[in-house]
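Taken verbatim from Swiss-Prot:
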MOD_RES   Ala2  N-acetylalanine
DOMAIN    8-43  domain 'EF-hand 1'
BINDING   Asp21, Asp23, Asp25, Cys27, Glu32  Ca(2+) 1 binding site
DOMAIN    44-79  domain 'EF-hand 2'
BINDING   Asp57, Asp59, Asn61, Thr63, Glu68  Ca(2+) 2 binding site
DOMAIN    81-116  domain 'EF-hand 3'
BINDING   Asp94, Asp96, Asn98, Glu105  Ca(2+) 3 binding site
MOD_RES   Lys116  N6,N6,N6-trimethyllysine
DOMAIN    117-149  domain 'EF-hand 4'
BINDING   Asp130, Asp132, Asp134, Gln136, Glu141  Ca(2+) 4 binding site
Amino acid sequence: MADQLTDDQISEFKEAFSLFDKDGDGCITTKELGTVMRSLGQNPTEAELQDMINEVDADGNGTIDFPEPLNLMARKMKDTDSEEELKEAFRVFDKDQNGFISAAELRHVMTNLGEKLTDEEVDEMIREADVDGDGQINYEEFVKVMMAK
């Protein structure tokens with residue numbers, strides 16, 4: 001199933017994986033997953049974290065090793081409930097819940113994920129997604145960017 005992903009998608013997932021894999025050992029533990037989830041304002045229980053790991057953990061070793069998320073991502077990208085996941089992701093970015101992602105909100109989330117971006121990089125990300133040119137990203141623009149990945 002992972003063979004349905006493009007090289008670009010695989011390298012993006014590898015980059016995302018490394019944001020979770022804090023110690024760089026090639027495995028994501030429940031502790032590392034919890035750290036990232038909490039940095040995004042979520043508060044999962046240990047059992048929820050273990051369930052998330054189990055959903056992806058193909059070899060049953062209790063952690064997520066890199067190739068494992070690829071099959072999950074290929075499945076998720078085909079899922080019809082991705083609409084709800086997109087709405088949830090948008091809500092994570094849209095801190096003040098005004099229906100728009102501002103440069104400050106984008107910078108905040110990316111910083112929490114460990115991505116130190118310059119103002120220029122954040123502005124460039126906004127510009128790429130900002131179809132109507134109002135300087136922020138609305139839900140429709142967000143969906144376009146996420147579906148284009």
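Even glycines carry a Cβ here, placed using N, Cα and C.
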Task = Determine the Cβ neighbour count for Asp134 (Ca(2+) 4 binding site): the number of other Cβ atoms within 10 Å of its Cβ.
result = 11
Request  = Give residue numbers and ranges for long-range contacts of the domain 'EF-hand 1' (8-43): same chain, 6 or more residues beyond its ends, CB-CB under 8 A.
outcome  = 2, 49-50, 52-53, 62-66, 69-70, 73, 92, 109, 112-115, 149
Request  = Determine which residues of the same chain, besides Asp21, Asp23, Asp25, Cys27, Glu32, have their CB within 8 A of the center of the CB atoms at the recorded Ca(2+) 1 site, and list them by sequence.
outcome  = Phe20, Lys22, Gly24, Gly26, Ile28, Thr29, Thr63
Ask   = From the Cα of Cys27 (Ca(2+) 1 binding site) across to the Cα of Glu68 (Ca(2+) 2 binding site), what is the distance in angstrom?
value = 10
Cα separation, Thr63 (Ca(2+) 2 binding site) to Cys27 (Ca(2+) 1 binding site) (Å, whole number) = 6
Task = Let me know how many other Cβ atoms fall within 10 Å of the Cβ of Asp94 (Ca(2+) 3 binding site).
result = 21
Request  = With DSSP as the yardstick, break the domain 'EF-hand 1' (8-43) down into helix, strand and coil residue counts.
outcome  = 23 helix, 2 strand, 11 coil
Ask   = In terms of Cβ proximity under 8 Å, which residues at least six beyond the ends of the domain 'EF-hand 2' (44-79) contact it?
value = 1-2, 4-5, 9-10, 13-14, 17, 20, 26-30, 33-34, 37-38, 85
Ask   = Hey, of the binding-site residues listed (Asn61, Thr63), which one tops the CB count within 10 A?
value = Thr63
Ask   = How many helix, strand and coil residues does the domain 'EF-hand 2' (44-79) contain under DSSP?
value = 23 helix, 2 strand, 11 coil
Query = Which entry in the list of binding-site residues, Asp21, Asp25, Glu105, has its Cβ near the fewest other Cβ atoms, using 10 Å as the limit?
reply = Asp25
Key: Cβ neighbours of Asn98 (Ca(2+) 3 binding site) where a neighbour is any other Cβ within 10 Å   = 10
